[in-house]
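This report refers to the structure that appears directly beneath it.
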Amino acid sequence: MSKIITGTPVTSGLGKLFNSHGLAKKTVVLFDANTRKLYGDSILKTLDEEGFQWVELTVPAREASKSFNSAYRLYGNMIEADVDRSWNLLAVGGGVVGDLGGYIAASYYRGIPVIQLPTTLLAMTDSSIGGKVAINHPLGKNLIGFFHLPELVLIDPSYLATLPEREIYSGMAEVVKYGFISDRAFLSFIDNHFSDIIALKEPFLTKAVKTSASIKAAVVKKDFRETGGLRATLNFGHTFAHGLEKLAEYRHLRHGEAVTIGMVCALFLSNRLGYLDNGSLEEGLAILGKFRFPRGVIRRRFRDIDNRLLLENMLSDKKKLDKKLRFVLLKNLGEAFLLEESIDDEVVLTAIERAQAFYSALSVKR
Ligand SMILES: NC(=O)c1ccc[n+]([C@@H]2O[C@H](COP(=O)([O-])OP(=O)(O)OC[C@H]3O[C@@H](n4cnc5c(N)ncnc54)[C@H](O)[C@@H]3O)[C@@H](O)[C@H]2O)c1
């Protein structure tokens, strides 16, 4: 499994760390335009000080960079720079850079090591850990990829200081998710310190990041290829979220925002099917009610949507498989499971309706 290191500055002593993990000090550093501008000079300076040979590459800061075209261009840059199998790749950025960098590392010269240096809350707590790397195809997201575990994951929560608030809430969705699926005490901690974490206050931020990362790593370790149903529980709220993201054309809703709404739906579904009691439902909803969205987003991207249209879009991903939606549900706060049997459409539609009513009531209260 990958070694996860958390600290500030996490890059101090990088040369020694690479040596001790059998990594050559020959590194392709991949940024997106934002992380290059914000952190590029200081990271490259550290690499110089630590005696690294490096090549820097930058892609535009957008989801479209996770494409075959940009991978193809980067392969060319690497070949021209004489990068061979003895090199490795350091991905500095959010999930886009991490997924693209991991994809390139998994395929270049039949595979070179990848080191993840996540700079968004989502990447620190989720996408940089677990080795799923992919690019998108025009027919679907994350369809072309590999399982390629990073040698190292280097997490420095101080990088989050420059992250826009919308991105912080988006990453926070995954943090809360870990509490819901596997750790009741962590969920209470998040509930008690929600605004501290959003405000990036220490020690709350680091505890939230570290606990999330370790829950993800533990799940991945037990069920790497998602064969046992355990890794699937990381998709709590995601069945609804994928439909919402598709309807929002992958542009108007951040992934974490869709997951937040999806978790509200999944709580109602767990309750409706008799797994989650009313008290736990209310407690869960109170936490999810703390999330803020840009003005109009909830109304346009969820409340105004016909629940049948959302269900259709949730299903459209599955058309070529078995047309069966898979739901992760809660038995308790802190205990998730993958429901094997299929559920009546009407039950799913009711859960969506109740979630829409929840957000309508919330907007009246505010
Ligand atoms: N591999 C996995 O297991 C996994 C899991 C979840 C999501 N993902 C993927 O992750 C991607 C989303 O990742 P994301 O939410 O991190 O988005 P992102 O990579 O697009 O980053 C969001 C924005 O924040 C900017 N940014 C990054 N770090 C910053 C910093 N420190 N300060 C200021 N701005 C900064 C980026 O340039 C970008 O504009 C999606 O492509 C999704 O498919 C992968």
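Cβ atoms here come from the backbone N, Cα and C positions, even for glycine.
TrEMBL does not curate its annotations; it predicts them automatically.
As recorded in TrEMBL:
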{"type": "BINDING", "residues": "Gly95, Val96, Val97, Gly98, Asp99, Thr119, Thr120, Lys132, Lys141", "note": "NAD(+) binding site"}
{"type": "BINDING", "residues": "Glu174, His238, His255", "note": "Zn(2+) binding site"}
{"type": "DOMAIN", "residues": "57-169", "note": "domain '3-dehydroquinate synthase N-terminal'"}
{"type": "DOMAIN", "residues": "171-320", "note": "domain '3-dehydroquinate synthase C-terminal'"}
Helix, strand or coil at Thr120 (NAD(+) binding site) [DSSP, three-state]: coil
Query: Within the chain of Val97 (NAD(+) binding site), which residues six or more apart in sequence place their C-beta under 8 angstroms from its C-beta?
result: Leu30, Phe31, Asp32, Thr35, Val59, Ser65, Ala91
Message: At a 10 Å cut-off from the C-beta of Gly95 (NAD(+) binding site), count the other C-beta atoms across all protein chains.
response: 19
Spatial neighbours, same chain, of Lys141 (NAD(+) binding site) - Cβ under 8 Å, 6+ residues apart: Glu245, Tyr250
Field: For the domain '3-dehydroquinate synthase N-terminal' (57-169), residues assigned helix / strand / coil by DSSP
entry: 50 helix, 32 strand, 31 coil
- prompt: What's the CA-CA gap between Gly95 (NAD(+) binding site) and His255 (Zn(2+) binding site) in angstrom, rounded?
  reply: 11
Statement: Integer Å value for the Cα distance linking His238 (Zn(2+) binding site) with Asp99 (NAD(+) binding site) is 18
Field: C-alpha spacing of Glu174 (Zn(2+) binding site) relative to Thr120 (NAD(+) binding site), in angstrom
entry: 12
Query: ligand 1 is in the model; which of the binding-site residues Gly95, Asp99, Thr120, Glu174 have a C-beta less than 6 angstroms from one of its atoms?
result: Gly95, Asp99, Thr120
Within the domain '3-dehydroquinate synthase C-terminal' (171-320), residues counted as helix, strand or coil by DSSP: 106 helix, 0 strand, 44 coil
- prompt: When you average the Cβ positions of Glu174, His238, His255 for the Zn(2+) site, which other residues in that chain have a Cβ within 8 Å of that mean position?
  reply: Leu122, Asp126, Ala173, Lys177, Gly237, Ala241, Gly256, Ala258, Val259, Gly262
Message: I need the CA-to-CA distance for Asp99 (NAD(+) binding site) versus His255 (Zn(2+) binding site), whole Å please.
response: 14
